[in-house]
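For reference, the structure is listed below as structure tokens.
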Amino acid sequence: MTSHSLDVYGKGTAVWLQDDKTGWISAQLVSKDVSGDNVKLTFLTDDGKDLVIETTLTKLSKTNNAELPPLRNPPMLESADDLTSLSYLNEPAVLHTIRTRYLQRNIYTYSGIVLIATNPFQNVALYTQDIIQAYSGKRRGELEPHVFAIAEDAYRAMLREKGNQTIVVSGESGAGKTASAKFVMRYFASVDDKEKPQDVKKSNATASGMSEVEEQIMATNPIMESFGNAKTTRNDNSSRFGKYLEIQFDKNHNIIGAKIRTYLLERSRLVYQPETERNYHIFYQLCSGAPPSEKKNLDLGDYSQFHYLNQGGSGTILGVDDTAEFETTQKALSTIGITIQTQWQIFKLCAALLHIGNIDITESRNTAIVSETDQALITATKLLGIKTEDFRKWLVKKQIVTRSEKIVKDLSAQQATVVRDSVAKYIYANLFDWLVNIINESLSNEEVTKNISNFIGVLDIYGFEHFKKNSFEQFCINYANEKLQQQFNQHVFKLEQEEYVREKINWTFIEFSDNQPCIDLIEGKIGILSLLDEESRLPAGTDNSWCNKLYQHFDNPTCKKYFQKPRFSSLSFTISHYAHDVIYEAENFLEKNRDTVPDEHLTLLKNTDFEFLEDVLTKGSAITSPAAKSDAKRSSVIAKKPTLGSIFKASLISLMETINSTNVYYIRCIKPNEAKMAWKFEPPMVLSQLRACGVLETIRISCAGYPSRWTFDEFVQRYYMLVRSKHWGPDTKKLCSVILDDSIKDPDKYQVGMTKIFFRAGMLAYLERLRLDRLNECVTLMQKNMLRHMHKKRYQALKSSTIKIQALYRRRVAMSELKRLREEKAAITIQKNWRRYIQRKRYLRAKKAIHKLQIAVRGVITRQKFEDLRRNAASTRIQSVYRGWVARRDYKMTLKRIIYIQSCLRRRLARAELKMMKIEARSASHYKEVSYKLENKVIELTQNLEQKSQENKTLEARTTALEGQIKSWIERYEKLEADANNFKNSTKQSTIGIDEFKTLQNEKETLESRYRTSLENIKKQDTEIQRLTSEISKKDDEVARLRATTAKYKGAEDPATVLALKQEISTLREQLSKVKSGVRGTSPPPPHRQENGFLTAAGSSSLKLPSQSRRPRRHSSAEPNEARRKPKTSVDLVMAEAKKPGLRPVTVSYTQMNVPKIRSPSGRIHLPGVEDEPEEEIMKLLEDEETLDEEIINGLIKSLKIPLPSLQNPPSQKEILFPARLISLLAKQMWKFGFIKESERLFANVMKTIQEHVMDFEGDEAILPGAYWLSNVHELLSFANAAERDMLRGINPAAESGGKPFEWHDYERLVSIVKHDLESLEYNIYHTWMKELKKRLFKMVIPAVIESQSLPGFITNETNRFITKFITGPTTPAFSMDDLLNFLNKVWKAMKSYYVEMSVIQQVVTELLKLIGVTSFNDLLMRRNFCSWKRAMQIQYNITRIEEWCKSHEMPEGTLQLEHLMQATKLLQLKKATLGDIEIIYDVCWMLTPTQIQKLISHYFVADYENPISPEILKAVANRVVANDKTDILMLDATPLEDSGPFEVPSPREVTPPDNYLPAWLNLPHVKRLGTLAT
């Protein structure tokens, strides 16, 4: 066995040697000499010193190798996050691992079930909300060690086991217990449980994300710190009491309440503070933060004026603002339900205590004296509401009650000071208990208690203390730690025992350090506490007599191990605690244990006039009495006042019962240095704390059994190479047995359980050595085969090259011979062809000469023949031209003579006919016809004259109405101006609230807009008046011209003709009057006025006349075309003019011509002679609201089949936007015919239905509906914007129709409301849609970007990829990059196909890419096993695919959202061997913060073939992290799934003309008919 242990100590083995300064120092084994029984080991330390250890094998066997130095772990494991995973689990290895991690800025380390938290003494970015959510739902070990991991583990255990949990936070003062406890509480209050159903999540969450109860629980921290924490030499915020916070959960696992139990408040701190220390924070906060008026009332000043606050000489804390802390305390008190009045009563009591401390007690002849005029005495009694004289009397006197009389005795100054301080301590202790009671009543009332299902307790209690002078407080604190250490040891042993039993392995009892004798020494029946209580009840009891009793009772062999009497002191004693031997000074033990106040003072305080003080004392006494009663053993004993020791003992027993009934988790806080310097590590101090907090004891217990435990899969994946491949198979347990049998010969070194293998200490190191040797053998074999392969390949290459050279030479010789033969053959061929060429050339030359001679002879003969023919043709042509000219000359002469004769004859006949016509013209019938035409002209002119006169009268009436209207506008303007002035004056007043001021400001803007509108309308009216005036002048000119024309015609006829014409005119007038009387039979319409830019009827009731029978159609096909085109009446003329292009028919046109308007009972307006059936049908359709709502809501929205998106053959706009355009068309028709309220109801139903319809879809199903309705809603919003623009220009939508009347302001309000609601709807649809998209994408991001491995050749696994595939088969992530890109393509295609604006597309894609980048980066940052260079290659390849997607979709700026992730992958791939490499990393990864870089480098997963990063590099990287740098963050702000940030509504679209497009498959007859009629 000994030789087996010595085998581990080979040359170069790293070990630990003891050192006086640093505790342990590293060394390497230089030589090992084993000769016989003697063993000699030579070591070389890191500082160059040699150390020799000589021993024998026998001695090593007897001491179980205790003389051998502890082995050092390999560098790969020296920064392990769990101490139990170390190969060598010993004291120096534990200390070095904690130190290494601390210097790398990793303050948390696991040690089995314990979390070791080392205080960094500076703010670190480890507690943000993002990190809280990162640990939510994660199992312990998945992420870095953290206090949040312990809290999550406790929370999950409560859910899983339905049991209560306790988290014990311990450590010495300044180790960070209070901060750790606060972070645990904050985790429970802030975490969002991802596994909790949506319907049972927080329903009353506030803006901070916490419920009201959770905020109240968090508010208890500043309250308890203010009243129970103080500055000490070791800690600026030291808790001077123990606290057990019970966080209560209901059956839905929501926090519903809390309860606080406190232990041993340090009362003496109120009256005395050592040098550089402070009193409780609340007093300094009150002196600094109280308002001047309250300071005056309470007679407060600077802290240095009060004796209770200036003893330590240090009244401020560096970096702490007492004024701001006072505000925080007040806010926290208000949060838990304490009113402002009650708060100032609390502060009043605190001020009274300060004044009590300033009471000056002097001494004269051993008698204490207090002056009657002592201002502190007067102020204190005034604030307390007690009589000054009585309080002064009993400060300096004491009453002794005997059986027969009462004796009053004077006190000395020292005794009087003790009485004064005891009164102050009594009041403050009761105030503290009252405050705790109020908090409990607020957080855990009867209703909450009924609904409590489970609770998680957080125990924040003082750690083990040993100072130069240790008193009663240190005794109680160390007593509590003895109890907690015993519970801790038993819990650890119990867990070890349970696991051995569960795994069914053979085990023997493990001895561990049991401190029960020490506890019995303190709390036994005749223990230190019982003797102290007995002595405290004796009137003559003293510290000296009590100490002598201790010497007498415990001076025996049984107690000698734990109790000793110092040599040079009779008032002290030593107790050997589990952590350290502590010497206690017995002075003042009895006084502190009694903690009594004279009965006279108790009576005086109970009779106070200050009701709040009376309530505090009553409740405070009620709180302490149950604890005292629980410790009463003998009922026969007369009622006694409980001592402080008995109260503490009873509360401690109750605490231990609570802890033992729960599942316990441990957080051990370590203080790394005494000077409270950031990131400074003092090994001896840390080592003593590790012993004190029980961490080393836990390791000792583990090492006594089987400290190293591996599951079968883990063991196989690590050590499968120790056996041959023929043994490999899917049965991992069998393979483990083969490996163990082949590797470890001693069966006592391990045991195989049901799911794990248990190893003795050091066996993993032995297996690691075997593994390394095996890997070296395999590498050597691979090198041998590789070298053989390389040399064989080199020979084959040389042989191949030689053969190729020979073949090349032979080829060259053959090619030379071939070239000679080819040249010879070519020469013969050239000669043959040359001779042929010469002979042929001669022949061709002779042939060409003969041919030319023949051509020349034939040409001469042919030219001679052609000349003869040409001369004959010319002679013939001249002869024919001459004969034709002679014939044409003769014809023209003959024609001219004939025409002359005809002209003479016709002239003669015309003269005769003229003569006959002149005779006929002088006859009377002609004059009669002319006079008849003139009569018609006169009648026409008369009618025109009457018409112009009537028009003048109408224009004058309109002018008068307009002038009146202008006056009303001027009056309204003056009224608006007066209102504006009044409003300006009212705004100058400072008494108006902010909300009322905003309301008035909005009214002012409304009035100003109306004022500007009024000015514009006045200008329009002035323009109209000028136009009408010019028209009147033109009409007058025309009338004058007509009169002049009539006078001229009157004088142009003879009297007989004129008489006849007058008779005809009178006849026509009679006919005309009859026609007019018939027209006037219907009452004329009332005058109309123009208001707010559109025409409104002055009295609509006058138009409601009985409907007349409808006239036949004017354009009936039975009439000829001439009748259709020719107007028959004056009404027809007016209507014809109205229907000309460019003119809009308005009511004023018919009024000018006195044409009646007739309103039917249904509200429609008819004009005589005008056919209006389409309008009537439209109104009937609009009045049928139920049918329209049914078709729009169910047919057009709910049952709509959304077209599938396509980029190759995209649908047209009308195919996508037809729902919005049909709704817009319907709304436009409603406004046109006055259906304002109906349109408002329609829009409300439409918007509600669209929103509910979109929210019904989830996951992938939400992609298409979201994009489709987002585009359609924006189309509706564009329509509303267009309507608003028309409204601001004064365009009335009902100006062209005769619909129902409505008020203009109703229309304005409707348009404004519709526009606002549509903007809200588009906002809601966008966020609802984005919420579903992000939920779906969030599930894909981590598997696709981080876990998927698409790049061949770099596929890796967190363990061993080969053996994992061999045993379990390959595993693939839930989603791949193809799935993610397909999702993005689907979203992009939907938005592009549905004509979503580009700005919205950019918002959507940017938000989704931000989710990918942030989520992936944060996940990579927290996962240690993924931080390798191969994983970085895979992630970078995945990022590249996303970047290519962005570029192909014209979104290159979207890649900026992935920059953090890209730089993180570059960091993991860069070299990290030297400081120069680190500088390169910082230059390349410029976007990453120093904390992020430090985290990634410290998490870097070193492969077996890589050298680990040196501690110097890790330390240099950690030193770059600057404390309190707000820009130096760890995790990026997580993209919330519920919120997509601000949504920028895109610009309105250009509204297209009305379109009645409706797909053929939609059966909406009413909507289709309405669209047809409207367009």
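In case you wondered, yes, glycine gets a Cβ from its N, Cα and C as well.
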Using TrEMBL as the reference, determine which range in 376-398, 652-674, 836-858, 1250-1272 is annotated region 'Actin-binding'.
652-674
Six or more residues beyond either end and a Cβ under 8 Å away: which residues meet both conditions relative to the region 'Actin-binding' (652-674)?
98, 102, 111, 113-119, 121, 147, 150, 153-154, 157, 161, 163-177, 180, 184, 234, 244, 261, 263, 457, 459, 463, 479-480, 483, 487-488, 491, 627, 630, 680-682, 685-686, 689-690, 693-695
Within 10 angstroms of the C-beta of Lys177 (ATP binding site), what count of other C-beta atoms is obtained when all protein chains are considered?
29
Does Ser173 (ATP binding site) have same-chain partners at least 6 apart in sequence with Cβ under 8 Å from its own Cβ, and which are they?
Thr232, Arg234, Asn235, Ser238, Tyr462, Gly463, Glu465, Lys671
Grab the pLDDT values for the domain 'Myosin motor' (78-772) and give me their mean, rounded.
85
Of all the binding-site residues given, Gly171, Gly174, Gly176, which residue's CB has the most CB neighbours within 10 A?
Gly171
Quick check: with Gly171, Glu172, Ser173, Gly174, Ala175, Gly176, Lys177, Thr178 left out, which same-chain residues have Cβ atoms within 8 Å of the centroid of the ATP site Cβ atoms?
Asn119, Arg234, Asn235, Ser238, Gly463, Cys669, Lys671
Nonlocal residues around Thr178 (ATP binding site), in sequence order (Cβ under 8 Å, 6 or more apart):
Glu225, Asn229, Asn237, Ser239, Asp460
Take the region 'Actin-binding' (652-674) and count its residues per DSSP category (helix H/G/I, strand E/B, coil), listing them in that order.
9 helix, 8 strand, 6 coil
